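Novice: Questions regarding the structure given below will be posed in turn.
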Amino acid sequence: MGKGGSLSDGVIKKILLSYTYVAIWIFLSFTVIVYNKYILDKKMYNWPFPISLTMIHMSFCASLAFLLIKVFKVVEPVSMSRDLYLSSVVPIGALYSLSLWLSNSAYIYLSVSFIQMLKALMPVAVYSIGVLFKKEGYKNDTMVNMLSISFGVAIAAYGEAKFDTWGVILQLGAVAFEATRLVMIQILLTSKGITLNPITSLYYVAPCCFVFLLVPWVFVEYPVLKETSSFHFDFVVFGTNSICAFALNLAVFLLVGKTSALTMNVAGVVKDWLLIAFSWSVIKDTVTPINLFGYGLAFLGVAYYNHSKLQALKAKEAQKKTAQADEEGGRLLEEREGEGSGKSSESQD
């Protein structure tokens, strides 16, 4: 094969790898969502203790991250001062614990399909909070797009057969806290030049989450669990569930690191449709035509938002390349001028 053939092989390999990362992330995300629903739903495994489940995940992830960093030394820990930990990691950990607690709680009251429809509001929340904290610039066309997504989700909610107000409040709260966490990562960590891979992230954030969850757990779930004498800890169920949660964190890093955050957003839309289909066909959740129509509108809004972000990234990349080309051109011109002046001085001698 010639040079062109080898290049084509490289491109094909890169595309196949990207699709592999996407497939792994979709599979693990899908598995964790359905598994959590199975454990928490009163009609299935019937263990409706979302704080306890989240604490099991956090303790497992923190322990495994500690072993990988301190014992097996798979990755190097990020140097972090006490002040930085308290000012940056602790607020992010608090938001993460609230997001996980509320999102897991929503599975007790809402169907998997409806939760995925409500999650379509994530771009709206991230953009709104970004504008509030001046990390995003306000644009009328973007705000119209956000309103169209919100309108689609509102129609989907109106058509929900098993609408539960408390469940919706919990899921919207989870979306708000998760969006704030994502913006805070940009403000508190990225702006200071700190990047955490999933293992170091869990090493620092998971223990913090566990401590924050411990307070409501003592008052809300511990008294009920204490009275439930029939409960025994199922190591197979909770162990495999925790492994899936840890693997999902690694998959997120793999997908974003090897492709981009935008790819994950697009893959997330595909995952949501798969979950809606699974929820309707396997779990037998009721999905109404109004549900699908509303989510379809929201989906179009999210798709347009992702397209706009992609165009903005392309424009930024093109601008960067132009600036680099101008800089190289200027350097070459200076070098030629230097050579020309050198030659003219030689001729004068």
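A Cβ is built for glycine as well, from the same backbone N, Cα and C atoms used for every other residue.
Those TrEMBL annotations? Automatic predictions, nothing curated.
What TrEMBL lists as compositional bias 'Basic and acidic residues' is 321-340. Among the features that TrEMBL reports, domain 'Sugar phosphate transporter' is placed at 20-306. The region 'Disordered' annotation in TrEMBL covers 321-349. What TrEMBL lists as transmembrane segment is 16-35, 47-72, 84-102, 108-130, 165-189, 201-219, 231-255, 262-283, 289-306.
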Novice: Does the structure show the transmembrane segment (165-189) and the transmembrane segment (289-306) touching, where I'm treating 3 or more Cβ pairs under 8 angstroms (sequence separation 6 or more) as a contact?
Specialist: no
Novice: Run the contact check on the transmembrane segment (16-35) against the transmembrane segment (231-255): 3 or more C-beta pairs under 8 Å, excluding pairs closer than 6 in sequence.
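Specialist: Taking Cβ pairs at least 6 residues apart, the transmembrane segment (231-255) and the transmembrane segment (16-35) are in contact, with 3 or more under 8 Å.
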Novice: Mind checking which residues of the chain, 6+ beyond the ends of the transmembrane segment (108-130), have their Cβ under 8 Å from one of its Cβ atoms?
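Specialist: Non-local partners: 33-34, 37, 40-42, 48, 50, 136, 142, 146, 149-150, 152-153, 156-157, 160, 162, 164, 166-168, 170-172, 175-176, 178-180, 182-183, 265, 272, 275-276, 278-280, 283, 285-287, 291, 294-295, 298-299, 301-302, 305.
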Novice: Report, as numbers and ranges, which residues of the same chain sit near the transmembrane segment (201-219): CB under 8 Å and 6 or more residues beyond its ends.
Specialist: 51-52, 54-55, 58-59, 61-62, 64-66, 69, 77-78, 80, 85, 89-90, 92-94, 96-98, 100-101, 246, 249
Novice: Could you pull out which residues elsewhere in the chain have a CB under 8 Å from any CB of the transmembrane segment (231-255), counting only those six or more residues past its ends?
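Specialist: Counting only partners 6 or more residues beyond its ends, the transmembrane segment (231-255) has Cβ contacts under 8 Å with 21-22, 24-25, 28-29, 31-32, 35-36, 39, 45, 47, 53, 56-57, 60-61, 64, 197-199, 201-202, 225, 263-264, 267.
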Novice: Which residues of the same chain, at least 6 past either end of the transmembrane segment (47-72), have a Cβ under 8 Å from a Cβ in it?
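Specialist: Hits for the transmembrane segment (47-72): 36, 39-41, 97, 100-101, 104-105, 107-108, 199-200, 202-203, 206-207, 209-210, 213-214, 216-217, 220-221, 224-225, 231, 238-239, 241-243, 245-246, 249.
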